[in-house]
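First the structure, in the form of C-alpha coordinates, and then the observations on it.
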Amino acid sequence: MVTKAFVLLAIFAEASAKSCAPNKADVILVFCYPKTIITKIPECPYGWEVHQLALGGLCYNGVHEGGYYQFVIPDLSPKNKSYCGTQSEYKPPIYHFYSHIVSNDTTVIVKNQPVNYSFSCTYHSTYLVNQAAFDQRVATVHVKNGSMGTFESQLSLNFYTNAKFSIKKEAPFVLEASEIGSDLFAGVEAKGLSIRFKVVLNSCWATPSADFMYPLQWQLINKGCPTDETVLVHENGRDHRATFQFNAFRFQNIPKLSKVWLHCETFICDSEKLSCPVTCDKRKRLLRDQTGGVLVVELSLRSRGFSSLYSFSDVLHHLIMMLGICAVL
(Lines of atoms letter the chains of each structure in order from A and count residues from 1; the text may use other names and numbers.)
(Lines give C-alpha, C1' and ligand atoms only; values in the text may rest on other atoms or scores of the structure.)
Protein backbone atom coordinates (compact mmCIF):
# COMPACT_ATOMS: atom_id res chain seq x y z
CA MET A 1 0.00 0.00 0.00
CA VAL A 2 2.83 2.34 0.83
CA THR A 3 4.46 1.60 -2.52
CA LYS A 4 1.27 2.44 -4.36
CA ALA A 5 1.02 5.71 -2.49
CA PHE A 6 4.50 6.70 -3.63
CA VAL A 7 3.71 5.76 -7.22
CA LEU A 8 0.53 7.81 -7.19
CA LEU A 9 2.41 10.72 -5.67
CA ALA A 10 5.07 10.55 -8.37
CA ILE A 11 2.45 10.44 -11.12
CA PHE A 12 0.63 13.39 -9.59
CA ALA A 13 3.82 15.41 -9.32
CA GLU A 14 4.73 14.69 -12.95
CA ALA A 15 1.25 15.67 -14.13
CA SER A 16 1.43 18.90 -12.15
CA ALA A 17 4.78 19.76 -13.68
CA LYS A 18 3.26 19.45 -17.15
CA SER A 19 0.17 21.53 -16.46
CA CYS A 20 0.70 23.78 -19.46
CA ALA A 21 1.22 22.82 -23.08
CA PRO A 22 4.57 24.19 -24.34
CA ASN A 23 4.18 27.14 -26.69
CA LYS A 24 7.11 27.37 -29.12
CA ALA A 25 6.15 30.64 -30.79
CA ASP A 26 8.86 33.28 -30.54
CA VAL A 27 6.52 36.19 -29.97
CA ILE A 28 6.88 39.20 -27.74
CA LEU A 29 4.56 42.17 -27.32
CA VAL A 30 6.17 45.38 -26.12
CA PHE A 31 4.13 48.45 -25.24
CA CYS A 32 6.48 51.42 -24.85
CA TYR A 33 4.50 54.18 -23.18
CA PRO A 34 6.00 57.47 -21.98
CA LYS A 35 5.92 56.42 -18.31
CA THR A 36 5.35 52.66 -18.43
CA ILE A 37 6.64 49.64 -20.34
CA ILE A 38 4.37 46.60 -20.65
CA THR A 39 5.66 43.34 -22.10
CA LYS A 40 3.69 40.21 -22.96
CA ILE A 41 4.77 36.77 -24.15
CA PRO A 42 2.52 33.84 -25.07
CA GLU A 43 1.63 31.76 -22.04
CA CYS A 44 3.70 28.66 -21.34
CA PRO A 45 6.69 29.57 -23.58
CA TYR A 46 8.58 26.31 -24.20
CA GLY A 47 6.78 24.85 -21.16
CA TRP A 48 7.61 27.53 -18.60
CA GLU A 49 4.97 28.61 -16.07
CA VAL A 50 4.50 32.27 -15.23
CA HIS A 51 5.98 31.82 -11.72
CA GLN A 52 9.20 30.50 -13.31
CA LEU A 53 9.82 33.62 -15.40
CA ALA A 54 11.51 36.69 -13.95
CA LEU A 55 11.47 40.28 -15.17
CA GLY A 56 15.03 41.52 -15.21
CA GLY A 57 16.00 38.18 -13.70
CA LEU A 58 14.74 39.50 -10.37
CA CYS A 59 10.98 40.00 -10.14
CA TYR A 60 8.45 37.20 -10.45
CA ASN A 61 5.59 39.61 -11.07
CA GLY A 62 4.09 38.12 -14.22
CA VAL A 63 0.33 37.69 -14.48
CA HIS A 64 -1.99 35.88 -16.90
CA GLU A 65 -3.59 38.27 -19.36
CA GLY A 66 -5.67 36.98 -22.26
CA GLY A 67 -3.46 34.06 -23.29
CA TYR A 68 -0.23 35.87 -22.45
CA TYR A 69 2.08 36.34 -19.50
CA GLN A 70 2.25 40.06 -18.80
CA PHE A 71 5.09 41.91 -17.08
CA VAL A 72 4.96 45.62 -16.24
CA ILE A 73 7.63 48.22 -15.57
CA PRO A 74 5.32 50.81 -14.00
CA ASP A 75 7.71 53.68 -13.43
CA LEU A 76 10.28 55.23 -15.75
CA SER A 77 10.85 58.32 -13.63
CA PRO A 78 14.46 59.31 -12.94
CA LYS A 79 14.16 58.10 -9.32
CA ASN A 80 13.23 54.55 -10.32
CA LYS A 81 14.96 53.68 -13.59
CA SER A 82 16.23 50.37 -12.18
CA TYR A 83 12.82 48.83 -11.40
CA CYS A 84 13.16 45.02 -11.34
CA GLY A 85 16.61 45.14 -12.89
CA THR A 86 15.68 47.55 -15.67
CA GLN A 87 18.82 49.13 -17.04
CA SER A 88 18.82 52.69 -18.31
CA GLU A 89 21.23 54.85 -20.25
CA TYR A 90 21.04 58.55 -21.01
CA LYS A 91 22.95 60.05 -23.89
CA PRO A 92 21.48 63.52 -24.36
CA PRO A 93 18.84 63.87 -25.57
CA ILE A 94 18.08 60.12 -25.70
CA TYR A 95 16.98 57.76 -22.93
CA HIS A 96 17.38 53.99 -23.40
CA PHE A 97 15.63 51.49 -21.13
CA TYR A 98 16.66 47.81 -21.29
CA SER A 99 15.17 44.76 -19.63
CA HIS A 100 14.53 41.07 -20.22
CA ILE A 101 12.34 38.17 -19.17
CA VAL A 102 14.23 34.97 -18.42
CA SER A 103 13.42 31.47 -17.26
CA ASN A 104 14.67 30.67 -13.77
CA ASP A 105 13.86 27.31 -12.20
CA THR A 106 15.28 26.34 -8.81
CA THR A 107 14.46 22.64 -9.12
CA VAL A 108 17.19 19.99 -9.23
CA ILE A 109 16.83 19.36 -12.97
CA VAL A 110 15.44 21.44 -15.83
CA LYS A 111 13.71 19.81 -18.78
CA ASN A 112 12.65 22.94 -20.64
CA GLN A 113 15.05 24.87 -22.84
CA PRO A 114 15.93 28.27 -21.38
CA VAL A 115 14.32 31.39 -22.81
CA ASN A 116 15.46 34.99 -22.82
CA TYR A 117 13.18 37.73 -24.14
CA SER A 118 15.14 40.97 -24.20
CA PHE A 119 13.61 44.30 -25.15
CA SER A 120 14.33 48.00 -25.01
CA CYS A 121 12.54 51.29 -25.45
CA THR A 122 14.27 54.42 -26.67
CA TYR A 123 12.91 57.85 -25.90
CA HIS A 124 13.71 61.34 -27.07
CA SER A 125 13.63 63.50 -23.96
CA THR A 126 12.29 66.96 -23.44
CA TYR A 127 11.99 68.84 -20.20
CA LEU A 128 8.92 70.63 -18.90
CA VAL A 129 8.73 72.11 -15.39
CA ASN A 130 11.82 70.15 -14.36
CA GLN A 131 10.17 66.83 -15.17
CA ALA A 132 11.34 64.55 -17.93
CA ALA A 133 8.77 63.88 -20.64
CA PHE A 134 9.59 61.07 -23.01
CA ASP A 135 8.73 61.17 -26.70
CA GLN A 136 9.43 57.73 -28.04
CA ARG A 137 11.10 57.35 -31.39
CA VAL A 138 12.32 53.76 -31.49
CA ALA A 139 11.39 50.39 -30.03
CA THR A 140 13.67 47.34 -30.21
CA VAL A 141 12.91 43.70 -29.50
CA HIS A 142 15.49 40.93 -29.15
CA VAL A 143 14.41 37.31 -28.58
CA LYS A 144 16.77 34.48 -27.71
CA ASN A 145 16.09 30.88 -26.76
CA GLY A 146 17.94 27.61 -26.58
CA SER A 147 17.20 26.16 -30.01
CA MET A 148 15.52 28.63 -32.32
CA GLY A 149 18.33 31.17 -32.48
CA THR A 150 17.76 34.90 -32.16
CA PHE A 151 16.13 37.78 -33.93
CA GLU A 152 16.25 41.50 -33.40
CA SER A 153 14.27 44.25 -35.05
CA GLN A 154 14.09 48.00 -34.64
CA LEU A 155 11.15 50.16 -35.59
CA SER A 156 11.03 53.91 -35.94
CA LEU A 157 8.67 56.65 -36.98
CA ASN A 158 10.18 59.58 -38.83
CA PHE A 159 8.96 62.78 -40.39
CA TYR A 160 10.31 64.15 -43.64
CA THR A 161 10.49 67.53 -45.26
CA ASN A 162 8.82 66.54 -48.55
CA ALA A 163 7.40 63.70 -50.64
CA LYS A 164 10.87 62.46 -51.59
CA PHE A 165 11.25 61.12 -48.02
CA SER A 166 15.00 61.63 -48.22
CA ILE A 167 15.53 64.30 -45.56
CA LYS A 168 14.24 63.61 -42.07
CA LYS A 169 12.50 66.32 -40.11
CA GLU A 170 13.59 66.16 -36.49
CA ALA A 171 10.93 66.35 -33.79
CA PRO A 172 9.66 68.34 -32.08
CA PHE A 173 8.81 71.00 -34.63
CA VAL A 174 6.43 73.96 -34.59
CA LEU A 175 3.55 74.50 -37.00
CA GLU A 176 1.63 77.74 -37.17
CA ALA A 177 -2.16 78.01 -37.28
CA SER A 178 -1.92 79.22 -40.86
CA GLU A 179 -0.37 75.86 -41.81
CA ILE A 180 -3.55 73.87 -41.19
CA GLY A 181 -4.19 72.03 -44.43
CA SER A 182 -0.52 71.78 -45.30
CA ASP A 183 1.04 68.39 -46.03
CA LEU A 184 2.77 66.32 -43.38
CA PHE A 185 5.05 63.49 -44.50
CA ALA A 186 5.67 60.42 -42.36
CA GLY A 187 7.24 56.98 -42.65
CA VAL A 188 7.27 53.81 -40.58
CA GLU A 189 10.60 52.03 -40.96
CA ALA A 190 11.92 48.62 -39.89
CA LYS A 191 15.62 47.97 -39.37
CA GLY A 192 17.57 44.87 -38.51
CA LEU A 193 15.50 42.50 -40.65
CA SER A 194 16.40 40.99 -44.01
CA ILE A 195 15.11 42.48 -47.26
CA ARG A 196 12.45 39.76 -47.52
CA PHE A 197 10.40 41.60 -44.88
CA LYS A 198 8.29 44.53 -46.02
CA VAL A 199 6.47 47.17 -43.99
CA VAL A 200 2.72 47.11 -44.62
CA LEU A 201 0.65 50.02 -43.39
CA ASN A 202 -2.79 48.69 -42.44
CA SER A 203 -4.76 51.56 -40.93
CA CYS A 204 -4.36 55.06 -39.50
CA TRP A 205 -6.88 57.06 -37.53
CA ALA A 206 -6.86 60.25 -35.48
CA THR A 207 -8.31 61.00 -32.05
CA PRO A 208 -8.27 64.07 -29.79
CA SER A 209 -6.75 61.87 -27.07
CA ALA A 210 -3.65 59.70 -26.74
CA ASP A 211 -6.02 56.75 -26.24
CA PHE A 212 -6.18 54.92 -29.58
CA MET A 213 -9.61 53.54 -28.59
CA TYR A 214 -11.06 56.98 -27.87
CA PRO A 215 -14.67 57.01 -29.17
CA LEU A 216 -14.22 60.13 -31.30
CA GLN A 217 -12.08 59.10 -34.27
CA TRP A 218 -11.26 60.31 -37.76
CA GLN A 219 -10.15 57.57 -40.14
CA LEU A 220 -7.30 58.39 -42.51
CA ILE A 221 -6.21 55.00 -43.87
CA ASN A 222 -8.26 51.81 -43.90
CA LYS A 223 -7.00 48.41 -45.12
CA GLY A 224 -3.89 50.11 -46.44
CA CYS A 225 -5.77 52.67 -48.54
CA PRO A 226 -6.60 56.38 -48.06
CA THR A 227 -10.12 57.19 -46.93
CA ASP A 228 -10.27 60.43 -48.92
CA GLU A 229 -8.28 62.58 -51.32
CA THR A 230 -6.44 64.45 -48.55
CA VAL A 231 -4.41 61.33 -47.72
CA LEU A 232 -1.81 59.86 -50.04
CA VAL A 233 -0.03 56.55 -49.43
CA HIS A 234 3.29 56.52 -51.29
CA GLU A 235 4.85 53.13 -50.49
CA ASN A 236 3.07 50.26 -48.80
CA GLY A 237 4.29 46.67 -48.65
CA ARG A 238 7.08 47.11 -51.19
CA ASP A 239 10.05 48.05 -49.03
CA HIS A 240 11.36 48.22 -45.47
CA ARG A 241 9.50 51.49 -45.08
CA ALA A 242 5.90 52.56 -45.59
CA THR A 243 5.39 56.24 -46.35
CA PHE A 244 2.36 58.47 -46.52
CA GLN A 245 1.24 62.06 -46.31
CA PHE A 246 -1.85 63.79 -44.97
CA ASN A 247 -3.17 67.29 -44.51
CA ALA A 248 -2.65 68.88 -41.11
CA PHE A 249 -5.90 69.40 -39.20
CA ARG A 250 -7.51 69.75 -35.78
CA PHE A 251 -10.78 68.62 -34.20
CA GLN A 252 -13.55 71.18 -33.87
CA ASN A 253 -15.81 72.02 -30.92
CA ILE A 254 -13.69 70.31 -28.30
CA PRO A 255 -13.00 72.79 -25.50
CA LYS A 256 -9.60 72.98 -23.85
CA LEU A 257 -8.06 70.45 -26.21
CA SER A 258 -5.06 71.25 -28.34
CA LYS A 259 -3.91 67.80 -29.37
CA VAL A 260 -4.73 65.43 -32.16
CA TRP A 261 -3.23 61.95 -32.08
CA LEU A 262 -2.61 59.87 -35.18
CA HIS A 263 -2.56 56.11 -34.64
CA CYS A 264 -1.14 53.77 -37.28
CA GLU A 265 -1.27 49.99 -37.33
CA THR A 266 1.59 48.47 -39.31
CA PHE A 267 2.65 44.93 -40.19
CA ILE A 268 5.97 43.49 -41.23
CA CYS A 269 5.21 41.02 -44.00
CA ASP A 270 7.33 38.06 -45.13
CA SER A 271 7.45 38.60 -48.88
CA GLU A 272 8.67 35.04 -49.51
CA LYS A 273 5.45 33.63 -48.08
CA LEU A 274 2.86 36.33 -48.65
CA SER A 275 1.99 38.91 -51.27
CA CYS A 276 2.84 42.11 -49.44
CA PRO A 277 2.16 45.12 -51.74
CA VAL A 278 -1.19 46.79 -51.13
CA THR A 279 -3.29 47.73 -54.14
CA CYS A 280 -6.08 50.09 -53.24
CA ASP A 281 -8.43 49.03 -56.01
CA LYS A 282 -8.53 45.60 -54.38
CA ARG A 283 -9.39 46.15 -50.79
CA LYS A 284 -9.27 42.56 -49.67
CA ARG A 285 -5.88 41.65 -48.29
CA LEU A 286 -4.41 38.53 -46.77
CA LEU A 287 -3.89 39.25 -43.09
CA ARG A 288 -4.19 35.75 -41.66
CA ASP A 289 -1.91 33.88 -39.31
CA GLN A 290 -0.98 36.89 -37.25
CA THR A 291 0.01 35.86 -33.78
CA GLY A 292 1.82 38.31 -31.89
CA GLY A 293 3.98 41.01 -30.78
CA VAL A 294 2.80 44.54 -30.49
CA LEU A 295 5.14 47.46 -30.08
CA VAL A 296 3.47 50.70 -29.14
CA VAL A 297 5.44 53.77 -30.12
CA GLU A 298 4.24 57.13 -28.93
CA LEU A 299 5.72 60.37 -30.23
CA SER A 300 4.58 63.82 -29.22
CA LEU A 301 5.30 66.80 -31.43
CA ARG A 302 4.65 70.25 -30.12
CA SER A 303 3.03 72.80 -32.40
CA ARG A 304 1.18 76.05 -32.13
CA GLY A 305 -1.38 75.45 -34.80
CA PHE A 306 -3.11 72.12 -34.65
CA SER A 307 -2.20 68.64 -34.28
CA SER A 308 -2.28 65.84 -35.66
CA LEU A 309 0.07 48.84 -33.41
CA TYR A 310 4.12 43.35 -35.03
CA SER A 311 3.38 39.77 -34.99
CA PHE A 312 6.00 37.04 -35.33
CA SER A 313 4.70 33.98 -37.14
CA ASP A 314 7.57 32.83 -39.35
CA VAL A 315 8.72 36.33 -38.50
CA LEU A 316 5.71 38.54 -38.97
CA HIS A 317 5.68 41.56 -36.69
CA HIS A 318 2.85 43.86 -35.77
CA LEU A 319 3.39 47.39 -34.62
CA ILE A 320 1.09 50.11 -33.37
CA MET A 321 2.58 53.54 -33.78
CA MET A 322 1.02 56.49 -32.08
CA LEU A 323 1.94 59.94 -33.23
CA GLY A 324 0.71 62.99 -31.41
CA ILE A 325 1.06 66.56 -32.55
CA CYS A 326 0.18 69.00 -29.83
CA ALA A 327 -1.66 72.10 -30.92
CA VAL A 328 -2.37 75.40 -29.28
CA LEU A 329 -4.82 77.62 -31.12
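Residue numbers in this text run from 1 along the chain shown.
Glycine is treated like the rest: Cβ placed from N, Cα and C.
Here C264 is paired by Swiss-Prot through a disulfide bond, and of C204, C225, C280, C326 its partner is C204. The Cβ neighbour count for N104 (N-linked glycosylation site), using a 10 Å radius over every protein chain in view, is 15. In this structure, the C-alpha atom of C204 (disulfide bond) lies 33 angstrom from that of N116 (N-linked glycosylation site).
When secondary structure is read from DSSP and collapsed to three states, N116 (N-linked glycosylation site) falls in the strand class. Between the C-alpha atoms of C264 (disulfide bond) and N116 (N-linked glycosylation site), the distance comes to 29 Å.
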